[in-house]
Amino acid sequence: MAEALGVAGSVVGIVSLGIQLTQGLLKYYGSWKDQDNVVEDMCMALDNLSGLLMVLEKALQPPATFDKSVKDGVEKNINAIYGTMRKLEDELRKVRDAESPKVGVRSAMRRHVRRAFYPFREETLSKIQRGVAEAHLNLDLALQVLQIRNVSEIRHDVHKLVRWQEDNETRDILGWLSSKNFWLQQADLSNHRQPGTGQWILQKSDFLEWAEGKNNTIWCLGGPGVGKTVLASAVVEFLEKDLPVRGVALAFVYCNHKEKLSQTIEYFVGAIVRQLVERKAIIPDYIRTLYGNHRGKGTNPALAEYLELLRLLAKECSEVYIVIDALDECVEKGGQPIWSDLIIKLQASMINLNLLYTSRDMDIRDTAGIFRHSTVIHIRATETDIRTYAKEQLQSKNVLLQFCQQDPTLQEDILQAVVLNAEGMFLAARLHLESLTSKTNRRAVKKALHELPTTLYGNYDDAMERIKQQPTETLALRVLLWIVYAARPLRLEELQHAIAVDELEPDDRSIPEEILTLPSILINACAGMIKIDEASNVIGLVHKTTQEYFDQNGPKLFPHAHSDIGTRCLKYLSLEVFSEGACSTKELYERRLSENVLLRYAAQNLGYHMHDMVGDTLNSLKLEFFLDENKLSCATQVLFGGTQAFFINNFPESFSGIHFAAYFGLKNILRLLLVNPKVDPDPKDSYGRTPLSWAAAHGHEAVVKLLLETGKVDVDSKYGRFNQTPLSQAAKNGHEAVVKLLLKTGKVDVDLRYGRYNQTPLSQAAKNGHESVVKLLLETGKVDVNSRGRCNRTPLLWAAANGHEAIVKLLLETGKVDVNSKDWYNQTPLSLVARNGHEAVVKLLLETGRVDVDSKCGRNKQTPLSLAAENGHEAVVKLLLDTGKVDVNSKHGPYNQTPLSRAADNGHEAVVKLLLETSMDINSKDGFNQKPLSLAVKNGHEAVVKLLLETGRVDMNSKRGENNQTPLSLASKKGHEAVVTLLREKGAK
């Protein structure tokens, strides 16, 4: 049988040819798919045909065997598409002949953008689609002969075929880099975006120039509800599906104010790193090595490690495009904005970065000047877009459709009123339609059209009134309570379990499935104020403004919101199903989480909701959970292990109720527990940590004070192999009030050396930028300001490396620090700040008059000037040049290059301009005989090449560098068209 099928190699060849042709045509016509119905239909047909061909190719791969009847049926149906394949091949040849022969990323980008306006003939496209449909029919028959599974399974197979083939370690590494998968949100947004809406931005000249890489940054500004997120998803889809350039990477982020407890710089950078890694054929060795270093400790990458991964990954790409939606919602715990820090770090890590971000204009205060050079595009939904959206939404409102069928003019009346009152907001249009669905007859609908709210808050007030008139009011309020006040967005199944807690009976060991509320009932009860993200199954409010509405009105509706959620979390953690304690295997742990879906939320956020619990709620609380070792062990394992099952053993055993309360800062519960004379206020868990240690590390001042007042705790207790104390933990994390309390006892070692690197509380506080803590420690007069810690760095070296200006100033004011101290890598404070571009700290160090401005640092013996030039820090370069004490022609680094060569190589135009104003040797050669001009040409840095040529002092025709080529031949080889033009204009040969 295998031989019989094998002789028909032409069959397999036709299938393989079909895949190439459909993919080639999709690649060419793809940029039209969201702009024209005919092209969209054709592309969809091509995509489906390609998927069927892929499944067939997989099924026919040796050693597949078939009996003769199956073989004959398959060959007959596949041979039937041969003629269509030849026609498609002719069409593909035509479009390829129309393509420009130029090479290079910029050229390819320009070809891509031009295609968006190419006037293809409709009859040609329809002809292709008819041929594809005919081929599709024959392939369906071939699949039936092979008895391949249903259509949904076929599409799943196609997805698996084109996806990265992930093994278990790959999945673990991706989860370790980031547990956040923004692709799910992107998929949901794409599915719900109405065809034809949001396309205007893709045709704007500013956007097209950005897509070509001409503008590095676009800032899209718009008011609430105008469709900024939908627009961002359209941009992502445009870049993802239509960019034909290899070596160009894309990542995107959707910020969410509801995730502020988890949103950190590490959270966002980690998600971006994960996306860049997912685009690679294999995981790079440097990531596998880092993963191996962390896995045994159960830790994730530090921010510096994430940024280094980002730098390395970006270096492997010609261009990196990053889209960030809702930048104004880029806030962390406490509501502090972190967007400026995020942007600065992204730009510093990737010189080939192209950024686009959306935000509300009133919510961004650009005090750091981040957006100075951004191109601004103002977003406002057009009436056409609003009408298209409203018309599509209307099709899902069955009651309204029935009314419209009874009265043909009603649909137009509804659309006109909705568009008129939407005020350019998709959200308002949605809420208007939702309010109309509650009407029970046509007259009521017509009357309501004249009374539609003119503000978003008016819409929300109207929705709340409708909720109060329904028999499901109690359910709706419980749903809204959880969604509005949860510490993070909840998945649908988590919310179902949360609501079910109130339905538990005394003999229920876990949440019975029979008491779970149906999703449709949850949604309908809330009058259009909540939605389910179908891709991620996350349930939430329809918009950020809905959250703002409840922020304003919630206290009246839910006066004890966090206490109510906290008691339910505690009740969930107290279920008897958890009385078996911690899980012993990964499989049992994963099963426990899958069967008890609210467990992870309850264990990790109990403290968030119970932190300020007082009064009758506190007094009526059942504290059995805090005294139950097994249930505490279960919760502790989840608290420290989260979703990453390979970390299941990385949690402290013997974690008592006192530990639990101290960890979360639950002072009132701790006070109740301490009343029990059998409760030890100073127990040690398996890590050797006391409740005081955990409370100090997390900055829970009131709990620390309460424990100290017992007089029964060891204030300077050491734990673990690194002998850390409560003071060292509080200092490292910047908890000023806790540090003050501990110092006040007079029982702590202020200058304790701990860990394998002999770090001190001062060095850790200095490293992490905790100014107030550094000041407190210095005031004791008991610290060594020149103590050596990790990397043999002093507190000054750490503060300088991280750009902590105020701390550097404090240390310098002691008059005792060595300003030229060197770490293990021979780096001085000045070299570290010069490399990282901390201008203010450079000024402070230079003002001492004691720093060696031209010191050779690191294994490559680079000077501060070389480091600053290499990294493009214009202001720092100027400060160093102004000293008059630097050698501008000194050669160093792995390639023996001057500062000018380093700046030219990396495309730093402003730095090159500064250096050219000095006595710099413009034709200096590096270790590979390359000159600054050759380096700039090789990397396509047009602006730098222009600056060098304008001096009139560069040798344009010298044969140096790669393969003894001239700059012109090198630029031609690399495909840098603009550089080629510049050189030819100057007479280069």
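Quick reminder: no glycine exception, Cβ is built from N, Cα and C everywhere.
According to TrEMBL:
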DOMAIN    196-360  domain 'Nephrocystin 3-like N-terminal'
DOMAIN    472-553  domain 'GPI inositol-deacylase winged helix'
REPEAT    687-711  repeat 'ANK'
REPEAT    722-746  repeat 'ANK'
REPEAT    757-781  repeat 'ANK'
REPEAT    791-815  repeat 'ANK'
REPEAT    825-849  repeat 'ANK'
REPEAT    860-884  repeat 'ANK'
REPEAT    895-927  repeat 'ANK'
REPEAT    928-952  repeat 'ANK'
REPEAT    963-989  repeat 'ANK'
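Mean per-residue pLDDT, taken over the repeat 'ANK' (825-849), amounts to 92.
Taking Cβ pairs closer than 8 Å, the repeat 'ANK' (757-781) reaches residues 727-728, 730-736, 739-740, 743, 750-751, 787-791, 793-796, 798-799, 801-802, 804, 806-807, 810-811, 814 in its own chain, all 6 or more past its ends. The residues of the repeat 'ANK' (757-781), classed with DSSP into helix (H, G, I), strand (E, B) and coil, number 16 helix, 1 strand, 8 coil. With a threshold of 8 Å between CB atoms, the same-chain residues lying at least 6 positions outside the repeat 'ANK' (791-815) that come near it are 757, 760, 762-763, 765-771, 774-775, 778, 785, 821-825, 827-830, 832-833, 836, 838, 840-841, 844-845, 848. Residues of the same chain lying 6 or more positions beyond the ends of the repeat 'ANK' (825-849) and with a Cβ under 8 Å from any Cβ of it are 348, 791, 796-797, 800-805, 808-809, 812, 819, 855-859, 862-865, 867-868, 870-873, 875-876, 879-880, 883. Within its own chain, the repeat 'ANK' (687-711) has Cβ neighbours under 8 Å at 652, 656, 658-659, 661-667, 670-671, 674, 681, 717-720, 724-727, 729-730, 733-735, 737-738, 741-742, 745, counting only residues six or more beyond its boundaries. With DSSP classes pooled into helix, strand and coil, the tally for the repeat 'ANK' (722-746) is 17 helix, 1 strand, 7 coil.
With DSSP classes pooled into helix, strand and coil, the tally for the repeat 'ANK' (791-815) is 18 helix, 0 strand, 7 coil.
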